[in-house]
Amino acid sequence: MYSLIRKCLFSMDAETAHNFSIQALKLAGKLPINVLPMPLNPVEVMGLQFKNPIGLAAGADKNGEAIDGFGKLGFGFIEVGTVTPVAQDGNPKPRQFRILEAEGIINRNGFNNLGVDVLVENVKKAKYDGIIGINIGKNAVTPIERALDDYQICLRKVYEHADYITVNISSPNTKNLRTLQYGEALDDLLRSLKSEQESLSQKFNRYKPLVLKIAPDLTDEEIASVADSLVRYKIDGVIAGNTTLSRDPVVGLKNAEQQGGLSGKPLNTLSTRLISTLAKELNGALPIIGSGGIHSVASGQEKIDAGASLLQVYSAMIYQGPALIQNLAKHIQVR
């Protein structure tokens, strides 16, 4: 079945196909039908009860338009966003490119979204009964020195409506954003956001976990430094990781020269290395959500065995369809 749908989608450019899929899932979410069952493979992470350990990675549903549709594919959790304080168009099109031979995708979207207020309204309307994470970022026009302002605005607005909040400082498509992963800049950001989280938990009488999303391009030394900051500021979880700037796995393939972050199957080895190194540094202090390159039960299990407690998928679903989600959710064994 999906082979026919894929043929139709792949006759379009990547972004048009994505937008078409979002609208189709938005419609499916409104219909009184179950597309696919929710596989039960429960796990508790960050004090939250997940029906299964397979989540939708941020970037798929930036505005939270199709939460119920994605929920009907069997995801145990859904992360929407990345969202910014105000709407922005992102980078010029075309900005999404398939690398067919490698089952990869390059994007340089640049946090295109309708703004945090629109996303919050969509989340409030959703009937999906799994865990919902909201991924927050900064507007492109905001100087990097003022990035904290944008993260605080978003955190305050989404806190009441999210089960957990992810702070995205690792997209390669927003100028200078990745500099927030290092040293004093990271410490200042985490210190301030942790303080804000504590204030909001008192205001709403409910503690919502705060998660950091990092890049797979960090060196071992940089990973150790990030891990130290995560522990010191009592951050609740970490997503490892985002897209990569490396082109080593796709050298010579069509579209490999395009600028942006590479995701999909070619990212698998790099993301597993990130998880493994991070797990050694954290030594169980906080959970890791594995993301990047998961394309089979074996590749997903490899990330669990490397130290991840949950997994997120997006690019591989474009190539393989929702059956992948069902297989992962049923067969992944969390340690």
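Note: Cβ is positioned from N, Cα and C throughout, glycine not excepted.
Taken from Swiss-Prot, the feature FMN binding site covers A58, G59, A60, D61, K62, T82, N135, N168, K213, G241, G264, G293, Y314, S315, and the record attributes it to sequence analysis. Feature annotation from Swiss-Prot assigns substrate binding site to K62, N107, R108, N109, G110, F111, N168, N173, N242, T243. Taken from Swiss-Prot, the feature active site, nucleophile covers S171, and the record attributes it to sequence analysis.
Of the listed binding-site residues A58, A60, the Cβ environment within 10 Å is emptiest of other Cβ atoms at A60. Note: the Cα of N242 (substrate binding site) and the Cα of K213 (FMN binding site) are spaced 7 Å from each other. Ranking the binding-site residues G110, G264 by how many Cβ atoms sit within 10 Å of each one's Cβ puts G264 at the top. In this structure, S171 is the one among the recorded positions N168, S171 with the smallest number of other Cβ atoms inside 10 Å of its Cβ.
Neighbours of R108 (substrate binding site) among the recorded positions A58, N135, S171, K213, G264, Y314, defined as a Cα within 10 Å of its Cα, are S171. Of all the recorded positions in the record (G110, N168, S171), the one with the smallest CA separation from G264 (FMN binding site) is S171.
In this structure, A58 (FMN binding site) belongs to neither helix nor strand by DSSP; it is coil. Of the chain residues outside the substrate site list K62, N107, R108, N109, G110, F111, N168, N173, N242, T243, G59, T82, G90, S171, P172, T174, G260, G261 have their Cβ within 8 Å of the site's Cβ mean position. Checked against the residue listed as 'active site, nucleophile' by C-alpha proximity, the binding-site residues A58, N135, K213, Y314 yield K213 as the nearest.
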